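> Can you keep this structure in mind? I'll have questions shortly.
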Amino acid sequence: MVRQPIIAGNWKMYKTPSEAVEFVRRLQEASAGVDNVEIVVAPPFPALVPVAGVLAGSFIGLAAQNMFWEAEGAFTGEVSPVMLAEIGCRYVILGHSERRQYFGETDANVNRKAWAALDRGLVPIVCVGESLDEREAGRTEKVVTAQIQGCLAGLPADAVAGLVIAYEPVWAIGTGRTASPADAQEVSARIRALVAELFGREAADRVRIQYGGSVKPENTRALISQPDIDGALVGGASLKVESFAGIIRETGGAVGR
Ligand SMILES: O=C[C@H](O)COP(=O)(O)O
């Protein structure tokens with residue numbers, strides 16, 4: 001089964017709209033010619049519209065970092081899937097560990113959001129991953145299994161096949177401490193086996209699993225070469241064109257044609 005690798009840059013709360021526009025213009029040039037990798041950027045909300053304008057018709061896709069599950073209503077401060085779809089988002093990141101840690105995001109919330117996103121034609125990038133305490137207590141598999149079961153509960157198998165799941169061990173995010181390729185592969189393989197159990201072999205073969213946590217150009221190739229890792233969700237290193245384009249090129253080189 002050939003799965004096209006997907007490299008997504010999660011800019012978190014960095015870059016003003018003008019900085020974001022300038023960045024994607026430069027990224028288009030820097031990543032031109034890499035045609036075997038899907039590239040996605042996830043700017044903060046105020047930058048989505050201007051960046052969508054620059055990216056219209058481009059090979060770089062647009063993602064939001066979060067959304068609410070209702071289409072509209074009295075929900076101050078929230079953004080709906082309808083709005084994201086209309087401005088040209090293709091993806092939406094759901095359940096990032098920072099949303100879980102600081103804003104009370106739960107697996108049940110992520111599940112409602114995933115249904116709503118799919119209903120509006122957006123592809124969820126569903127984030128899962130264990131904390132350091134959980135890993136050290138030997139609970140990684142248990143934690144990630146519960147997250148997958150909760151976040152994807154009841155979704156149709158063909159929708160799951162089209163999803164992106166980002167495995168991000170919380171202890172590796174922004175710390176410079178990357179999971180070893182073997183550890184990242186082991187959990188990614190567990191996730192794929194679980195998807196097979198819950199949604200069938202075809203969904204498991206098609207779903208793309210990203211690794212996230214201190215990914216940089218230097219460690220990309222070893223991670224991407226793992227059989228169950230189909231890309232990366234990149235934080236810090238996606239904020240500079242040189243390092244993000246480096247990760248994209250390394251990915252293209254690792255998968256070949
Ligand atoms: O969404 C991205 C992840 O949180 C990874 O962030 P990082 O690459 O800065 O460790």
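Cβ atoms here come from the backbone N, Cα and C positions, even for glycine.
All TrEMBL annotations are machine predictions without curation.
So TrEMBL lists the following for this protein:
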ACT_SITE  His96  active site, electrophile
ACT_SITE  Glu168  active site, proton acceptor
BINDING   Asn10, Trp11, Lys12, Gly174, Ser214, Gly235, Gly236  substrate binding site
> Near Glu168 (active site, proton acceptor), meaning Cα within 10 Å, which of Asn10, Trp11, His96, Gly174, Gly235 (recorded positions)?
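Close recorded positions: His96.
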> Expressed to the nearest Å, what is the distance separating Ser214 (substrate binding site) and His96 (active site, electrophile) at their Cα atoms?
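Taking the Cα atoms only, Ser214 (substrate binding site) lies 15 Å from His96 (active site, electrophile).
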> For the recorded positions Lys12, His96, work out the Cβ neighbour count at 10 Å and name the residue with the minimum.
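Counting other Cβ atoms within 10 Å of each of the recorded positions Lys12, His96, the minimum falls on Lys12.
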> Within 8 Å of the centroid of the Cβ atoms of Asn10, Trp11, Lys12, Gly174, Ser214, Gly235, Gly236, which other residues of that chain place their own Cβ, given that this set defines the recorded substrate site?
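Nearby residues not in the site list: Ile173, Val234, Ala237, Ser238, Leu239.
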> Express in Å, rounded to the nearest integer, the largest CA to CA distance found among the substrate-binding residues Asn10, Trp11, Lys12, Gly174, Ser214, Gly235, Gly236 named in the record.
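Taking every pair among Asn10, Trp11, Lys12, Gly174, Ser214, Gly235, Gly236, the longest Cα gap is 14 Å.
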> For Trp11 (substrate binding site), write down the residues of its own chain that are at least 6 apart in sequence and whose Cβ falls under 8 Å from its Cβ; none is a fine answer.
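Residues satisfying the criterion: Ala20, Val41, Ala42, Pro43, Pro44, Gln65, Ser238, Leu239.
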> What kind of secondary structure is Asn10 (substrate binding site) part of, going by DSSP in three states?
strand
> Report the member of Asn10, Ser214 (the binding-site residues) whose C-beta atom has the most other C-beta atoms within 10 angstroms.
Asn10
